[in-house]
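Novice: Quick one: structure below, then a few questions.
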Amino acid sequence: AGGPAPLLALTVALRTLNCFLVQTSFVPDEYWQSLEVAHRMVFRYPSRSPPNNYGHLTWEWANGLRGYSYPLIFASIYKALQLLAKDDVQLLIWVPRLAQAVLAAFADVKLYSLVRHLEHAETAKCVYFCQLCSWFTWYSCTRTLTNTMETLLTIFALSCYPIKGSKMGSSCKYLALIALAIVIRPTAVIPWIPLVFSHFLQEQRKADLILHNCIPVGLVTVGTSLIIDRVFFGEWVLVQLNFLKFNVLQNLGTFYGSHPWHWYFTQGLPVILGTHLPFFIHGCVLAPKRYRIFLTAVIWTVLVYSMLSHKEFRFIYPVLPFCMFFCGYSLKHLKAWKKSAASFLLLSNLVPALYTGLIHQRGSLDVMSHIQQLCNNSYQSQAFVFFMMPCHSTPFYSHVHCPLKMRFLQCPPDLTGNESYIDEADVFYSNPLGWLNKEFYNDTLLPSHLIFFSVLEQEISSFLALRGYEKTATVFHSHVPQGRVGSHIYVYRKKTEMNH
């Protein structure tokens with residue numbers, strides 16, 4: 001690749017392809033903390049609004065744990081589409097993802113340029129190659145997740161970071177990018193603690209750094225974030241503080257499951273690195289002392305996250321670019337073996353990238369196209385769709401875009417300290433049949449459509465038969481059904497009098 005321009009064009013093309021080859025769902029936050037919020041910000045119809053106000057905000061928003069700065073990006077895209085009268089549901093689904101893909105491409109090229117400055121073109125090519133090969137980056141970088149934005153901003157910030165012995169770097173720029181990442185996801189501060197500390201130690205003009213860079217950047221970003229949240233919450237809220245209080249001090253994240261302390265070391269990092277792992281270890285051994293700070297950032301981040309009981313792969317996604325640096329360094333030094341190693345990396349990442357992107361957990365998105373069809377006929381006003389699934393299993397109005405009546409099982413954590421608290425989804429799953437008979441004791445209340453995982457069918461078959469439901473669609477979801485999540489999703493429709 002020549003200069004950044006042809007490289008950028010190539011990378012944008014690759015990430016666009018990447019975007020269209022990821023048709024699966026990863027975690028609910030992908031929609032519920034970004035697109036659903038943005039959809040509600042732009043398309044609220046108070047005049048003809050169904051009970052849920054054409055958009056649902058999860059409990060985090062009710063408790064001021066999340067800020068509107070990130071959804072605002074997508075709300076701007078939605079607003080532009082609305083003004084152009086192009087707010088078609090397919091565009092609402094794909095344009096935000098394409099925007100994310102283009103940003104990801106810019107970040108890939110930034111990573112290349114950074115290594116080129118620090119080392120030389122050969123190493124930069126190897127790092128860039130490792131970055132493009134990474135199956136987890138392929139799986140995540142075009143998704144509308146705060147973790148994705150946090151990772152991209154980390155790369156941008158890294159490209160302005162004044163690393164020891166290099167002439168480049170801009171304190172103001174990199175601090176502003178970190179501040180932005182922290183506004184979007186407060187945990188973004190974690191990987192940067194050792195880096196900022198190291199910069200502070202080697203900085204001659206320490207007072208200047210604090211007074212002229214840290215403080216102004218901090219005030220501007222916190223101020224902007226506060227104003228954005230003031231506009232949308234209608235009151236002053238410091239979401240970052242609430243977020244930390246909830247996740248760290250009260251440790252309520254355990255509500256979503258807890259893992260052993262070593263999980264990131266034994267599973268988390270090895271899985272997201274995949275076949276890059278041996279290269280990463282080799283690169284750590286080889287790399288010169290001045291890059292030790294990158295390794296420190298990786299180890300420190302994994303250690304800090306290991307102390308929190310709720311663990312997920314995506315939480316450590318922001319350290320992946322640091323790891324890619326070492327992988328590329330290793331690849332560059334494998335002289336005679338370089339070609340074979342590169343082929344191995346490419347082929348071994350292709351399978352997990354395509355499998356997770358095209359097959360695993362695709363039902364949650366596919367089933368939404370069945371619901372979109374209820375929008376374009378006169379039937380819309382009578383339709384009532386009920387998702388009987390673990391809560392937030394599917395996206396919501398951002399993938400339907402018409403004011404259908406929809407409902408799903410709720411599962412907010414208990415914030416009152418009630419020991420015997422059980423959320424609606426758990427109550428439902430403890431006795432599905434009893435719950436349904438009690439909830440829909442009257443035929444007039446019955447949903448027109450029921451959506452649920454195949455594992456539930458047996459248990460509620462008598463309810464379905466008795467109330468006149470028929471299966472209208474079977475949607476593949478996953479080869480590895482677990483617990484309440486089945487291999488398929490079923491769509492059942494209530495037979496109307498006309499059908500009889």
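Numbers run from 1 along the shown chain.
The backbone N, Cα and C atoms fix where each Cβ goes, and this holds for glycine too.
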Novice: From 72-92, 93-113, 261-281, which range did TrEMBL mark with transmembrane segment?
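Specialist: In TrEMBL, the transmembrane segment feature sits at 261-281.
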Novice: Below 8 angstroms Cβ to Cβ, which residues of this chain, lying six or more residues outside the transmembrane segment (174-197), approach it?
Specialist: 67, 69-70, 146-147, 149-150, 153-154, 156-158, 160-162, 213-214, 217-218, 220-222, 224-225, 240, 243-244, 247, 293, 296-298, 300-301, 304-305, 315, 318-319, 322
Novice: Are there residues at least six beyond either end of the transmembrane segment (315-331) with Cβ under 8 Å to its Cβ atoms? List them, or say none.
Specialist: 107, 111, 115, 119, 123-124, 126-131, 134, 136-137, 140, 147-148, 150-151, 154-155, 158, 187-188, 191, 264, 268-269, 272-273, 276, 279-280, 282-284, 286-287, 291, 294-295, 297-298, 301-302, 305, 338, 341-342, 345
